[in-house]
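Engineer: Can you keep this structure in mind? I'll have questions shortly.
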Amino acid sequence: MTFPSAIGGVPYREDLAPSIVFAVAYGCLLPLVIYRFLNRKSLTTLLIGTCIFAIGRIVTFALRASQAANESKRFSLGLTSFIQSDIALGYIGIASDLSNIIRTLLTTPTYGSDTYVQSAEAGSRYRFWISSAKLNDAEESLKHKKFPGMPPEGTSDHPRTRRWIRIGTVSLLYALIVATILGGTAAGNFENIVEGKYSAQTAMSLRFASTGLALGLLLCIIGATIWGYLYLPRINKRGCVLVYSIGTMMCVIAVYRLTVMGNTTDSLQSTARGSLNSRSDKAVFYILHALPEWLSIALLLAFNTRREFNTGLVGDWRYRDETQQELKKRLKQEEAHRNKLKLRDIKLPEQALLR
């Protein structure tokens, strides 16, 4: 009986050094993870998945190192199944974060001067500004609407373009969830596949469907980035380059997986052709799968994602633009807050303070 070969193979002694190297490399990213969450200027919820992934990869490569050093653990179906699941879903998780990032990156330059306050960056900074500024600063900002990155006065608004961007990126996210479910089902049943309790052919089909879908969606992300770079004059160009670079590296992983996942083996211990346990197979795995993942995470953490992609704290959370009724409600709340600031700034006469 044959079954799909494990991506990256089963760790042998030669896997010990590269597994330790990658575990340490991900460990070196931990200070950046902590810094991004503690620094208010770079804190954004869009990086939560990326940070969890970075921490999870330390565990994954530590387990691979343990298998490489310990023969009793090397062929553990439970450990191998867990590692296969983590490896199968990691790059799709990064792609999901990219879909959220590109949504904010593309919607921000579509706002006009009158609607920019609704953007992710302006909304997040404005809420902090109005809640912490002194009265004069707050009233001045309200009067002139001078928020960081705001387009020049008279800049036209493009609500239709913004609407289609939101529809497209939300569709991307849902499709990536489907790819995650397909890949997770196949990888999560690896132990059952080896024991003959789950159809190997079904698992193979699910793996191909998941990876093929993920590759197509990554190409859509890259295409949308190129479109934004060329046709949205006020877009953050460096942010586009970063998304393009990370998306391309994720495509490398997907193509690699499509190339090798058709291989089958009759035993986890086999080193025959197609088992993905040879030294050359392992080298290709570390270069074309493990390395691009680490580089992508390092880029997302090294650069200030909140600033580079104009995400604010939570990104573009709106499913539609603000209605007139919502606008009136917000202005009413702002007026009430300004009144509170005025009361806070009132200086009582000294006689009143002595009473």
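Just so you know, the numbers here start at 1 and follow the chain as drawn.
The backbone N, Cα and C atoms fix where each Cβ goes, glycine too.
What TrEMBL lists as transmembrane segment is 20-38, 45-63, 75-94, 167-188, 208-232, 239-258, 283-303.
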Engineer: Counting CB pairs under 8 Å, which listed stretch among 20-38, 239-258, 283-303 touches the transmembrane segment (75-94) the most?
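Structural biologist: Maximum Cβ contact count belongs to 283-303.
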Engineer: Is it the case that the transmembrane segment (20-38) and the transmembrane segment (239-258) have 3 or more CB pairs under 8 Å, with pairs at least 6 apart in sequence?
Structural biologist: no
Engineer: Could you pull out which residues elsewhere in the chain have a CB under 8 Å from any CB of the transmembrane segment (239-258), counting only those six or more residues past its ends?
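Structural biologist: Cβ under 8 Å, 6 or more out: 7, 91, 94-95, 98, 101-102, 105, 207-208, 211-212, 214-215, 218-219, 221-222, 225-226, 228-229, 284-285, 288-289, 292-293, 295-296, 299-300, 303, 308-310.
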